[in-house]
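Okay, so here's the structure we're looking at.
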Amino acid sequence: MAAALLARASGPVRRALRPRAWRQLHTIYQSVELPETHQMLLQTCRDFAEKELFPIAAQVDKEHLFPAAQVKKMGGLGLLAMDVPEELGGAGLDYLAYAIAMEEISRGCASTGVIMSVNNSLYLGPILKFGSKEQKQKWVTPFTSGDKIGCFALSEPGNGSDAGAASTTARAEGDSWVLNGTKAWITNAWEASAAVVFASTDRALQNKGISAFLVPMPTPGLTLGKKEDKLGIRGSSTANLIFEDCRIPKDSILGEPGMGFKIAMQTLDMGRIGIASQALGIAQTALDCAVNYAENRMAFGAPLTKLQVIQFKLADMALALESARLLTWRAAMLKDNKKPFIKEAAMAKLAASEAATAISHQAIQILGGMGYVTEMPAERHYRDARITEIYEGTSEIQRLVIAGHLLRSYRS
């Protein structure tokens, strides 16, 4: 898969690299520049987004259209399984590479970005970390090429941020587990071929009684709720998963019984880097839109960019974007180097999501009336940005995570 990405590059960067360089990756960078491998990846993903995603983004949003052909092409490039080892069909890259690719794909189409994020971080991530060899062969390899994608079922109608309060149950019965309950707000639900599902196997133990399961889709006893009509990221389906005596094999449990809450929290820690990167892509394309418009819109005999008030807005937008990008890349590098990254991932997700909302808001202000109509993409960027402050941990949850780690460091 890494070779597929390599083949898309051209010029001196490609000639200077060999496939082996993809496996060397990075340690801690002493330079402000990205390694050549990552620069090449960035350009490859940018070219793909400009050719394949920018032209369809408005249609995807308007028609709630799942971009199946583009997702398939992304699978062929390794973008749906970026840190999955090559022997399992993945690209075998690192999390910094994933963050870079996620930003560029999301810059082209935010809906496609979240489809990519869920498959990489939330579906494949926990199986890679906690799955057995047999589970990886069954539940990872078929989900790397774009033929199949997965989803992650944690939230419920009665709990979102309170992830430990699962009311969905799984009881052991012979050689099976039987699931009952409803999971809510499941991204990719209507297109997914499998789900990582969290259910209580012992309610008396509260969050220590939650377990994780691998569930094929479709399967008897599992039905899908209606597709939610959302404000943004409308090309990615969101729906409930409804379990009614849904029977799955005993070996479908991921990890050990009672490990589900741990698996969920560690998965979300990784996923926040992906969502931060999605937010960066939305913020970048909103800034691009604002600058392009302001350079060409004449007012008082000159382009808008000659006005100090517009320059100040653009400067603030760029500052927020670049600051969030550095936080995101740092979190990814810490993870790649097996250093603690939970606080940094929360900071990245918080900074990037709030930057995306603020930047897309200011982009509309710069465009004025043109920012409020669908003729321009600014209003779509604003709608797409808003969810990044909500899913995979709200901004309030990120602040709790950051404060908790900060205070523990002072008290230790």
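Glycine is treated like the rest: Cβ placed from N, Cα and C.
The following features are taken from Swiss-Prot:
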type	residues	note
ACT_SITE	E392	active site, proton acceptor
BINDING	152-161, 185-187, R297, Q308, 365-369, 394-396	FAD binding site
BINDING	S161, D269, M270, G271, R272, G393	substrate binding site
MOD_RES	T27	phosphothreonine
MOD_RES	K51	N6-acetyllysine
MOD_RES	K51	N6-succinyllysine
MOD_RES	K72	N6-acetyllysine
MOD_RES	K129	N6-succinyllysine
MOD_RES	K129	N6-acetyllysine
MOD_RES	K208	N6-acetyllysine
MOD_RES	K262	N6-succinyllysine
MOD_RES	K262	N6-acetyllysine
MOD_RES	K306	N6-succinyllysine
MOD_RES	K306	N6-acetyllysine
TRANSIT	1-24	transit peptide
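Structure coloured by features recorded in Swiss-Prot.
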{"residue": "K51", "record": "N6-acetyllysine", "Cβ neighbours (10 Å)": "12"}
{"residue": "S155", "record": "FAD binding site", "Cβ neighbours (10 Å)": "19"}
{"residue": "T187", "record": "FAD binding site", "Cβ neighbours (10 Å)": "24"}
{"residue": "K262", "record": "N6-succinyllysine", "Cβ neighbours (10 Å)": "16"}
{"residue": "D269", "record": "substrate binding site", "Cβ neighbours (10 Å)": "24"}
{"residue": "R272", "record": "substrate binding site", "Cβ neighbours (10 Å)": "29"}
{"residue": "K306", "record": "N6-succinyllysine", "Cβ neighbours (10 Å)": "14"}
{"residue": "Q365", "record": "FAD binding site", "Cβ neighbours (10 Å)": "12"}
{"residue": "E392", "record": "active site, proton acceptor", "Cβ neighbours (10 Å)": "30"}
{"residue": "S395", "record": "FAD binding site", "Cβ neighbours (10 Å)": "17"}
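Rounded to a whole value, the Cα-Cα separation of D269 (substrate binding site) and S155 (FAD binding site) is 16 Å. A gap of 11 Å separates the Cα atoms of T187 (FAD binding site) and the residue listed as 'active site, proton acceptor'.
Here the candidates are the recorded positions K129, M270, R272, and by Cα distance the one nearest S395 (FAD binding site) turns out to be R272. Around K208 (N6-acetyllysine), a 10 Å sphere centred on its CB holds 13 further CB atoms from the protein chains shown.
Closest to G158 (FAD binding site) in space, going by CA atoms and restricting to the recorded positions K51, R272, E392, is E392.
Between the CA atoms of F152 (FAD binding site) and K262 (N6-succinyllysine) there is a gap of 14 Å. Candidate recorded positions: K72, G271, G393. Nearest to K129 (N6-succinyllysine) by Cα distance: G271. Nearest Cα neighbour of G393 (substrate binding site) among the listed recorded positions (K72, S155, K306, Q365, G368): S155. Within 10 Å of G271 (substrate binding site), judged by CA to CA distance, lie the following recorded positions from the set K51, K72, K208, K262, G368, E392: E392. Long-range C-beta contacts of M270 (substrate binding site), restricted to its own chain and to partners at least six residues apart, with a cutoff below 8 Å, comprise Y95, S121, G125, K335, A345.
Among the recorded positions K72, S155, Q365, E392, the ones whose Cα sits within 10 Å of the Cα of R272 (substrate binding site) are E392.
G368 (FAD binding site): 13 other CB atoms within 10 A of its CB, across all protein chains.
Ranking the binding-site residues G158, G271, G393 by other CB atoms within 10 A of the CB puts G158 at the bottom.
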